[in-house]
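K.L.:
My questions will all concern the structure given below.
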Amino acid sequence: MNIHEYQGKQILKSFGVRIQEGIVADTPEQAVEAAKKLKEDYNSDWVVIKAQIHAGGRGKGGGVKLAKNLDEVKQRATDIIGMQLITPQTGPEGKKVSKVLVAQDVYYPGASETKEFYVSVLLNRSSGKNIIMYSTEGGMDIEEVAEHTPHLIFKEEIDPKVGLQGFQTRKIAFNLGLSGNAFKDMTKFIAALYKAYEATDSAMFEINPVLKTSDDKILAVDAKVSLDDNALFRHPDYAAMRDTNEEDPTEVEASASNLNYVKLDGNVGCMVNGAGLAMATMDIIKIAGGEPANFLDVGGTANATTVKAAFNIILKDPNVKAILINIFGGIVRCDRVAQGVIDAYKEIGDIRVPIIVRLQGTNAEEAKKLIDESGLKVFSAILLKEAADLVSEVLA
Ligand code: GDP
Ligand code: MN
């Protein structure tokens, strides 16, 4: 699960990572109040107004603007809140901004006095260890640094059983070319960042840029945090940070109904129990001359409610010309699923595409009988081959 910059920074701060302080605002008026408060608390005359969306590259897209007085705060916040922000990471349609972070300006007195670094912590799946990636080339696209100047990206692996060691934080600060107070502050920054990453069960923390200020303090200007979904049950406070406005609406609806759904570009919708069978079904659709419109695993306990939710999700896709339901009845009984299909069909009513149901396993014969006698425009099959032939037939 991804969270916003302002939420990521709250988490960082709670673990003692120094951050660029800020206050989130939903309206230009709130932004002005936030700027006044930042002046009181941190004596910052200038502030930056930062669009809060789940995508990076906001600076390039015009979503990060400096404001030198309260009039400018109001103006910039008015411009940014409500805008459709397009960045290299949002896709061409962009993302609508509904919140801004009003943050203290930390680049005083000017760019020549400050230095931007890149630091991220993530899991290296091939070695089974955590890894800190860091670079002197902060502030810009790290993919570009990796492509053109890969020797400027350093990696430090951390054995989770041993934890991050003092020599490693010193090595990182040294490789970043720091000395004196900035060196010391960087070692503290890295240690606190690593602690935050571990304690939150995160999949990734990416801080770009990490800034060395003109007075040699190290702080996080940005925060891209990705929490591990499988560990969210241990962190209800972080789970509550989820912003479903930032996610694909159909996938949000699917996850609310406990369905594993991924939208694809084809013309045959499919509803299957089990991920392996779902993939095999997608192959069958291709062999039959169609293209799968989605991946959808209804899980091991398909019933009328899940079947109906799955129908609704598949039917939202205007490209769908047919639906193939492929259920193997192991624990779940096929006649129950068949009844679920019939109930859902009747309840939704206006289903404009042919439906092919292949039920195999426990009570498959009863299930076929139920469907054949229902009087609905549903074709039933028991063998996979029959189902594939029916798909070809309805597409022809
Ligand atoms: P991103 O573009 O989505 O990665 O957003 P960032 O939070 O990384 O900000 C983008 C850029 O805005 C940074 O690289 C800085 O150059 C600039 N920026 C961020 N905070 C400040 C600030 O306090 N003062 C000034 N002058 N520039 C800032
Ligand atoms: Mn950034």
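Cβ coordinates come from backbone N, Cα and C, glycine included.
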K.L.:
Of Asn267, Asn273, Asn294, which does TrEMBL put in the substrate site with Gly330, Ile331, Val332?
P.N.:
Asn273
K.L.:
Translate the DSSP assignment of Gly57 (ATP binding site) into the three-state scheme.
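P.N.:
For Gly57 (ATP binding site) - judged by DSSP and reduced to three states - the answer is coil.
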K.L.:
Using DSSP, would you call Lys50 (ATP binding site) helix, strand or coil?
P.N.:
strand
K.L.:
Out of these binding-site residues, Val106, Ile331, Val332, which one has the fewest other C-beta atoms within 10 Å of its own C-beta?
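P.N.:
With the binding-site residues Val106, Ile331, Val332, fewest surrounding Cβ atoms within 10 Å: Ile331.
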K.L.:
Within the domain 'ATP-citrate synthase/succinyl-CoA ligase C-terminal' (271-387), how many residues are helix, strand or coil going by DSSP?
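P.N.:
Within the domain 'ATP-citrate synthase/succinyl-CoA ligase C-terminal' (271-387) the tally stands at 53 helix, 26 strand, 38 coil.
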